């Protein structure tokens, strides 16, 4: 920027600093720098709107002057700070760009509803293309988890301590409570520019990893308590050794699985941004692609090893519990240092704990169903139906949350066209980008499940043959589950946003837990109906 100095008749250059003007009563002029508009107040003559020799004086100013004092001195001081950090400048530029887009929209349309940002104006084909491959990858991960559960259900620890089945949905649900929430939170941060610099990215990664370790330890401990209570109440007897075994297995499985999946999520989000893919479309399905398999394998292996220690060492299980609990204060201190995770550390427990309780109810249904030899075939399909429903609704919730963050409406303020309870037509058949994505995700259910069912059948997994009657009941349960979940996502995310709750932290745990409960409940109901009508082929895979 070149300005004429009062002291000399040649231009002087200024890279950083400020302009102090000494004239009064002039209309404001404006200076553009780095995409920002700053006023230059001329105080001598209204006609002088451009710099002349002798009009200005270069002065280095390090802080803003008090406006009241400036008025008393009959002079105006305007500071142009060119040393703002890159992140702040980009945020200011983005706000100006959003305001410009909103003004253009108002000029050409009488519709005053918020206009979606350009980054979310995706076609159905582009949404489907980005979602289908992670969806299939995640689905095959749930198929592998189902095959594992079908095998380990006959292991000694699962037959002698049946409460381990109650832990299965609760721990598999951690991918929704923690990893998918982490993926949604980081996807939103990446899309709105909060991970553009190395420092911001490092803080987000450290804070979020520490946060999910705290949450995993606490949720794992509470899940074991729920399993003990749900197992003790119906049967009426309590064994302290089994209770400590459940606690040690749950806490260690949750901790290790969350650490591994958290690292995978961070890599996926950073990579997707570099190749130009919307991380909302790929991060949450990939979180589940290995989540169920890793978590279930860890649970089976750790619980089996700790069960064997009951005969030889009474202190092994308590020491495992104490070790992981002792690490919790370290993760708390790290998470508190990062502003983006400090708030979640204090206020993000309600959805995680309630979601764990909901998933545990689904685990109780699984325990009572799979323990019956007549319904042993249900085990292989449970992770599949729960995983597919949770993956799809997590994608939708993450997309709607990002849309609201980019839309420019402050959190806590309702939409200009509020819809207290959206109708199914609004959710699935409107012209909005979120309705378009809901249609795409729902249309993936039937072909996806058919692929997964025949994959299981080709590998001779499970204890149920794929008859036409079974496929009809199974597909009805799966379609109904996803239909309900997508509708609830449309209502829940907007409802939470209107009440000042960040949907990235609150919605996905509830939705994936409800997916576990609905999937397990509908699947158990289907198996009971199939048994009643005579479809009792339960020896496949033996």
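Just so it is clear, glycine is given a Cβ too, placed from its N, Cα and C backbone atoms.
Residue ranges 175-194, 315-334, 375-394, 395-414 are listed, and TrEMBL annotates 315-334 among them as transmembrane segment.
When TrEMBL is compared with the stretches 90-119, 120-149, the one noted as region 'Disordered' is 90-119.
For the transmembrane segment (508-533), the most Cβ-contacting stretch among 131-149, 315-334, 346-366, 438-456 is 346-366 (pairs under 8 Å). Counting only same-chain residues 6+ beyond the ends of the transmembrane segment (468-488), those with a CB under 8 A from a CB of the stretch are 381, 385, 388-389, 392-393, 396, 422, 424, 427-428, 438, 441-442, 445-446, 449-450, 453, 511, 514-515, 518-519, 522-523, 525-526, 529-530, 533, 535. Listed stretches 131-149, 315-334, 346-366 were compared with the transmembrane segment (438-456); the greatest number of C-beta pairs under 8 angstroms is found for 131-149. If one looks beyond the transmembrane segment (315-334) by at least 6 residues along the same chain, the residues whose Cβ comes under 8 Å of a Cβ in the stretch are 206-207, 210-211, 213-214, 217-218, 220-221, 241, 244-245, 247-248, 251-252, 255, 306, 309, 345.
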